[in-house]
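To keep things clear, I will list the structure first and then write my remarks on it.
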Amino acid sequence: MANLKLLLVGIGNPGPKYAYNRHNIGFVILDSLLNSSSASYQTNSKYSLARTDEEGVTIFYLKPLEFMNLSGKAVAEIAKKNGISPENILVIHDEIDFEFGKLKLKEGGGHAGHNGLRNIVEKLGTNTFFRLRFGVGKPSTASEVSDYVLSNFFPEEKEKIPELVQVSLQKIYDWVRERKNEFQKPSDI
């Protein structure tokens with residue numbers, strides 16, 4: 001029987017300057033997820049990639065290392081190279097349309113102006129992948145969006161990040177379990 005292959009993608013911007021920005025919450029969550037496993041990243045100039053294999057499930061953990069708006073190149077490359085279909089991809093990203101701390105797992109949909117998602121949709125040629133949307137709040141005017149997502153969390157928000165990361169991890173574990181159950185379901189012939 002074939003293994004189920006899943007791709008978990010945390011998107012953000014590379015480098016210490018951006019490490020704790022709102023835009024990098026995808027990296028923070030993916031790193032926490034990987035820390036709870038025995039795997040570690042292998043890094044090249046384009047991405048950091050880790051892999052776990054257990055109970056018939058291969059999970060790839062991907063952090064694209066080009067800027068956010070070029071995230072799709074690494075996602076498409078890893079998906080294609082490993083035969084991973086879009087419905088087995090989960091992208092973890094910041095969401096300005098949600099108040100801080102709101103989390104939502106969603107399949108498909110538009111990019112809502114998020115340049116990282118826009119590029120992933122473009123490079124995969126579809127929007128049918130899953131997303132874990134992490135609410136980071138919204139600035140008062142649209143012209144402030146870029147500065148806002150590239151700013152660090154407020155101290156009172158930073159305090160809540162560890163708990164919200166744990167909730168995010170549970171949502172990811174649940175998604176992996178659902179994908180596994182779907183994969184193992186006998187097909188109707």
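Any Cβ shown, glycine's included, is placed from N, Cα and C.
According to Swiss-Prot, the residue from Asn35, Asn44, Asn88, Asn115 that belongs to the tRNA site alongside Tyr18, Phe67, Asn69 is Asn115. Cβ-based neighbour count (10 Å, all protein chains) for Phe67 (tRNA binding site) stands at 17. Excluding the listed site residues Tyr18, Phe67, Asn69, Asn115, the same chain places Asn13, His23, Glu66, Met68, Leu70, Ser71, Gly116 with Cβ atoms within 8 Å of the centre of the tRNA site Cβ atoms. Asn69 (tRNA binding site) has Asn13 as its nearest neighbour among the recorded positions Asn13, His23, Asp94, going by CA to CA distance.
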